[in-house]
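*Asks:* A single structure is presented below for examination.
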Amino acid sequence: MSTPSDNAPAAHSAGAAEESRPSLSALLLDPSFWADWASVVGLVGLVIVFGIAQPVFLSVANLQALLLAAAILVVLSIGQTFVIATSGIDLSLAAAVMLGAIILGLVNAAGYGIFIACVLAVAATSAVGFFNGLIITAGKIPDFVVTLGTLSGITGLGLILSGGEPTMVGSTFLLRLASGSFGPFGYPVWVAISAVVVAHIALYHTRFGVHLLATGGQAESAGALGIRTNRVKIAAYTISGFCAGIASLLLVARIGSAEPLINTSLLLNSVAAVVLGGVSLFGGRASILGPAIGALMLTALVNGLTLLNVSAFYQPLAVGAIVVLAALIMRYQK
Amino acid sequence: MSAANHIPASDAIIACEGLSKHFGGIRAFTDVAFQARRGEVTAVIGDNGAGKSTLIRSLVGVHQPDAGNLFFDGRARPFANPDEARKAGIETVHQNLALIDELTVAQNLFLNREIVRRVGPFAFLDRKAMKREARSMLSRLSINVPSINQRVRRLSGGQRQAISICRAVGSGAKLVVMDEPTAALGVQETANVEALIRRLREQSVSVILVSHNLDQVRRLSDQIWVMRAGKMVATVRASETSGNELVALVTGAV
Ligand SMILES: Nc1ncnc2c1ncn2[C@@H]1O[C@H](COP(=O)(O)OP(=O)(O)OP(=O)(O)O)[C@@H](O)[C@H]1O
Ligand SMILES: [Mg+2]
């Protein structure tokens, strides 16, 4: 199983010098260990603290609710991870979720059936991602400028399409998606788990994954070796858009309507989860498990604070503090 | 002796004529005719900024020349990108080595040439096979790195250069292009690379060698081409020249 430290040196040797595994105490004193495992350490820490402060936190019902609430963020964090691995950033992610939701609502309301509505929603958000990648690579424009522009553009588009009004989506399929479960987990959790597995395989076990990291690490060198770095970047943004589409399905299923509102905390938390997951914002270094656990951690934080009756006003503050802390620890990776 | 009256011969593995490359207002090289004979070691020398690296990079598809014709293996063949050049059988050791710091030694050795296992429509990396191959590639060239699972970032300058050379010669290319392959190497390692170039020549692999070390160039190469300020100014047989003549050609003090 690959973790954030998967790329780290292991104890195989090609030459004469044999490399010994660092001892546990040396490992625990090494700041880069804490950086690589920030999300896991943070999650475990939060579970312990909240578990002691409020035993309800550890109840099966609450843990299930927590996972359910984390599903959307996990899916978005995966999309964001692919983009950040290429040393880009997708600021239009939450806006794309809104656009997907609105298209889903409108197509469904027009009587085309829920499946076509879902497919069109995901196709639209994937197209947004493709468009982002195309403009960034063809126009040689910085990622955050383009995706900031798309963020604004999609917001307008969403408002125009929806007339600023929410659309109710009464579909038994989506209702079952939101409330049904298989085994211990609700369907949205399974969707998130599948996304993690597929993304993990794509990143670690395919040529695309290596080329993605190479593009993010040193695009010029990757290009000199024949990797089509522009295509890789466009693919990463398209994946991000696709993930936004899946998230929009989960979102509409969860709230039962398509709202022309952008949940900016989804965007910020997706970046935060990626940072917590030990992914380098400079590209070239990534994992899927790390950001997924980072997303879980952020959700657990909000969940725990709510159980402790901490005002919702304090939650963004807590998230911000944790992300800055993680970024500080991350500096030791260098 | 002038480069201008050289016509691409039939025994050329790679040849170009009238090749030019500009970056905005900067002329990297203009109207260059050049060729490398099959099975020979062809050297390109010249002062810093003469345009050697840019010429090399234009031959192997990294840059698109603005004008001129390129022939490879007897055919008119400009490469639209480095991938096409590699597929045609050209491997390059770039001056900047083209290594990816965050990837491991094994991943770098197989970058864009990964070994995959097919499962239905999918292709998964065969990491075991790549690691095994990487080990044997390195040991064949007696290159010492602490581990093939080590990130390239942590290797020394010489080790990095060795990895880049290993990648270029380890795959059975028809033409190996080396841009200052011994720049960061110690005495022993330089000797190893020179032996390696001789071995390639014995295996009738064609080599293009860019170097500032004129003694090395005279030791290793069959034909020497001289660039000065973006022009190909001369070409001589290595056996028919002297160090003094080469210095004069490079500096223009003829
Ligand atoms: N990508 C680029 N953009 C702009 N100018 C470039 C680029 N690459 C090379 N040049 C310019 O082209 C000229 C030739 O550079 P080149 O790297 O080919 O020289 P060189 O002969 O390899 O020198 P050295 O011996 O120092 O490696 C230089 O003036 C350089 O500044
Ligand atoms: Mg050079």
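Every residue, even glycine, has its Cβ placed from backbone N, Cα and C.
TrEMBL feature annotations, pasted as is:
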- A:37-58: transmembrane segment (TRANSMEM)
- A:65-85: transmembrane segment (TRANSMEM)
- A:114-138: transmembrane segment (TRANSMEM)
- A:144-164: transmembrane segment (TRANSMEM)
- A:185-203: transmembrane segment (TRANSMEM)
- A:234-255: transmembrane segment (TRANSMEM)
- A:261-281: transmembrane segment (TRANSMEM)
- A:288-307: transmembrane segment (TRANSMEM)
- A:313-332: transmembrane segment (TRANSMEM)
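Distances, neighbours, how buried they are, the whole picture for these features please.
*Replies:* Residues 3-5, 273, 276-278, 290-291, 293-294, 296-297, 300-301, 303-304, 307-308, 322, 326, 329-330 of the same chain lie 6 or more positions beyond the ends of the transmembrane segment (A:37-58) yet place their CB under 8 Å from a CB of it.
Residues of the same chain lying 6 or more positions beyond the ends of the transmembrane segment (A:65-85) and with a Cβ under 8 Å from any Cβ of it are 93-94, 97, 129, 143, 185-186, 188-189, 191-192, 195-196, 199, 203, 212-213, 216, 236-237, 239-244, 246-247, 250-251, 254, 266, 269-271, 273-274, 277, 279-281, 283-288, 291-292, 294-296, 298-300, 302-303.
Beyond the ends of the transmembrane segment (A:185-203), by six or more residues, the same chain brings 2, 64, 67-68, 70-72, 74-75, 78, 81-82, 85, 176-179, 209, 212-213, 243, 246, 250, 253-254, 286-289, 292 to within a C-beta distance below 8 angstroms of the stretch.
Long-range neighbours of the transmembrane segment (A:234-255) within the same chain, counting only residues 6 or more positions beyond its ends whose Cβ lies under 8 Å from a Cβ of the stretch, are 71-72, 75-76, 78-80, 82-83, 85-86, 88, 90, 93-94, 96-101, 104-105, 118, 121-130, 132-134, 136-137, 169, 174-175, 177-178, 188, 191, 195, 208, 212, 266.
Sequence-distant contacts of the transmembrane segment (A:261-281) (same chain, six or more residues past either end, CB-CB distance under 8 Å): 4, 35-39, 42, 72-74, 76-77, 79-81, 84-85, 87, 89, 91, 93-95, 97-98, 155, 158, 247, 287, 289-295, 297-298, 316, 319, 322-323, 326-327, 330, 333.
When Cβ-Cβ distances below 8 Å are used as the criterion, the transmembrane segment (A:288-307) is approached by residues 1-4, 36, 38-40, 42-43, 46-47, 49-50, 53-54, 56-57, 62, 65-67, 69-70, 73-74, 76-78, 80-81, 192, 196, 199-200, 203, 269-270, 272-279, 314-315, 318-319, 322 of the same chain, each at least six residues removed from its ends.
Within its own chain, the transmembrane segment (A:313-332) has Cβ neighbours under 8 Å at 31-32, 34-35, 38-39, 42, 265, 268-269, 272, 275-276, 278, 280, 297-298, 301-302, 305-306, counting only residues six or more beyond its boundaries.
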